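K.L.:
Next up is a structure, given as structure tokens.
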Amino acid sequence: MDLSRAGGGSYTDNLIGTLLAIFGNLLVSISLSIQKYSHVTLAGTKDPRAFYHTKTWWSGFVFTCLGEAANFVSYAFAPLALVAPLNAVSVLTSSILGFIFLREKSKPKDFAKNYGLTFLGYILTIGGTYLFVSFGPNSHEKLQAENIVKHLVGWPVLLYLLLEIITFCLLLYFYKQRSANYLIIILLMVSLLGSVTVITVKAVSGMLVLTVEGNMQLNYPIFHVLFVCMVASVVFQARFLSQACKLHDSSLIASVNYILSTFFAVVAGAVFYLEFNNEDVLHICMFVLGTAFCFLGVFLITKSRKSTKTFEPYVTMDMTNGVPVIHDKGLVVQPDFNGSFSYGALVNNDGVAPATVPVNLEQPPVGSRSTDASHDQPDLKKDLKKD
């Protein structure tokens with residue numbers, strides 16, 4: 001970071017916000033891995049307890065709360081353009097923990113082939129993070145209630161919000177009325193809501209920090225209005241994300257959602273908080289290059305999660321002569337899980353080859369039994385006559 005671009009106070013605030021955002025994303029990634037490990041352990045050992053009765057899951061929940069709190073406070077110190085792209089740290093950490101903490105298996109000879117792009121994504125993400133943090137906006141404004149109101153009534157912000165509302169309504173119309181369940185439509189709605197979320201989060205967080213420092217901001221109506229908007233946007237954002245997860249691949253959702261959300265968050269910071277007003281062209285170009293590296297790195301990291309689905313024998317609903325059919329096509333009784341266990345599947349131990357299923361599971365035809373029985377009846381009559 002260039003110290004000559006801003007005063008020491010602004011530089012210190014940006015450094016605190018950046019470190020808080022990195023720390024928060026690290027904690028969130030660790031917490032999600034811990035909770036996933038808790039679920040996998042419970043299901044693998046057939047433990048009858050619910051997941052919320054385990055200490056492992058609750059420790060992950062505590063880490064999640066701490067990480068989200070750190071992310072929330074970071075918005076009060078650093079610009080949106082610095083905090084929003086740092087979500088790449090969470091994707092990077094989750095991928096690394098997948099190798100170490102969760103012990104995802106891979107043969108040594110196939111490791112470079114399967115995970116070469118992943119490590120390239122690591123390099124691009126780390127390099128991009130360094131670039132946009134070093135050349136990102138270094139301006140900082142104390143978000144008092146009066147300053148926030150001035151930003152809201154400015155014509156650039158009103159025009160930006162009007163365009164967002166019109167675009168969101170059009171997307172919602174196609175999604176609800178025309179049943180356009182395309183991934184890009186759902187994630188665009190999520191990103192538009194996310195831009196409102198980051199604007200309100202930064203304002204609410206800034207006013208809370210000022211209140212803790214002794215400058216009361218909670219008695220202004222604008223604080224309560226922004227707080228309600230923040231909660232509502234988060235709720236609807238989570239709802240649309242859950243719909244996307246039901247319809248599309250989670251790896252693709254992670255990369256596309258990161259790209260769109262970061263883009264709209266940076267634009268919202270530039271329009272609402274005027275974060276790039278005092279920046280020169282060189283720093284803006286280097287910032288854009290760094291975010292582009294992060295976009296490509298996150299895409300490569302999440303792309304590697306798509307692995308070919310190995311065959312797992314399961315019982316289908318197709319019954320022939322009272323014998324259940326066992327093969328890899330048909331209506332599954334319960335969804336399976338690509339791990340050391342499967343819901344509704346036969347036992348699947350890691351490292352054990354799938355059992356071969358007999359091809360001919362045919363029973364003797366019913367017609368042959370009836371003909372054999374008819375041939376045996378004359379012999380039975382002869383025996384009765386002899387008696």
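Glycine too: its Cβ is placed from the backbone N, Cα and C atoms.
Where the annotation comes from TrEMBL, it is an automatic prediction and has not been curated.
So TrEMBL lists the following for this protein:
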type: COMPBIAS; residues: 372-387; note: compositional bias 'Basic and acidic residues'
type: REGION; residues: 358-387; note: region 'Disordered'
type: TRANSMEM; residues: 15-35; note: transmembrane segment
type: TRANSMEM; residues: 56-78; note: transmembrane segment
type: TRANSMEM; residues: 84-102; note: transmembrane segment
type: TRANSMEM; residues: 114-133; note: transmembrane segment
type: TRANSMEM; residues: 153-175; note: transmembrane segment
type: TRANSMEM; residues: 182-201; note: transmembrane segment
type: TRANSMEM; residues: 221-240; note: transmembrane segment
type: TRANSMEM; residues: 252-275; note: transmembrane segment
type: TRANSMEM; residues: 281-301; note: transmembrane segment
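Locate each feature and note its surroundings.
P.N.:
Residues of the same chain lying 6 or more positions beyond the ends of the transmembrane segment (56-78) and with a Cβ under 8 Å from any Cβ of it are 13-14, 16-18, 20-21, 23-28, 30-35, 37-39, 41, 140, 143, 198, 201-202, 205-206, 208-209.
With a threshold of 8 Å between CB atoms, the same-chain residues lying at least 6 positions outside the transmembrane segment (114-133) that come near it are 1, 18, 81-82, 85-86, 88-89, 91-92, 95-96, 106, 286-287, 289-301, 303-304, 307.
Remote same-chain partners of the transmembrane segment (182-201), defined as residues 6 or more beyond its termini with a Cβ less than 8 Å from a stretch Cβ, comprise 72, 75, 80, 83-84, 164, 167-168, 171-172, 174-175, 226-227, 229-230, 233-234, 236-237, 240-241, 243-244, 247-248, 252-253, 256-257, 260-261, 263-265, 267-269, 272.
Sequence-distant contacts of the transmembrane segment (221-240) (same chain, six or more residues past either end, CB-CB distance under 8 Å): 145, 148-149, 152, 186, 189-190, 193-194, 196-197, 200-201, 203-204, 207.
Proximity of distant same-chain residues to the transmembrane segment (252-275), defined by a Cβ-Cβ separation under 8 Å and at least 6 residues beyond the stretch ends, is recorded for 79-81, 84-85, 87-88, 91, 137, 139, 141, 151, 156-157, 160, 183-184, 187-188, 190-192, 194-196, 198-199, 202, 241, 244-245, 291, 294-295, 298-299, 301-303.
With a cut-off of 8 Å between Cβ atoms, the residues of this chain six or more beyond the transmembrane segment (281-301) that come close are 2, 5, 81, 85, 88, 91-92, 95, 117-118, 120-137, 254-255, 258-259, 262, 266.
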K.L.:
State the residues, same chain only, that lie 6 or more residues beyond the ends of the transmembrane segment (15-35) and have a CB under 8 A from a CB inside it; answer 'none' if no residue qualifies.
P.N.:
1, 51, 56-57, 59-64, 66-79, 82-83, 86-87, 89-90, 93-94, 97-98, 101-102, 133
K.L.:
What parts of the chain pack near the transmembrane segment (153-175), using Cβ distances under 8 Å and only residues at least 6 beyond its ends?
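P.N.:
Long-range Cβ neighbours of the transmembrane segment (153-175): 181, 185-186, 188-189, 192-193, 195-196, 267-268, 271-272.
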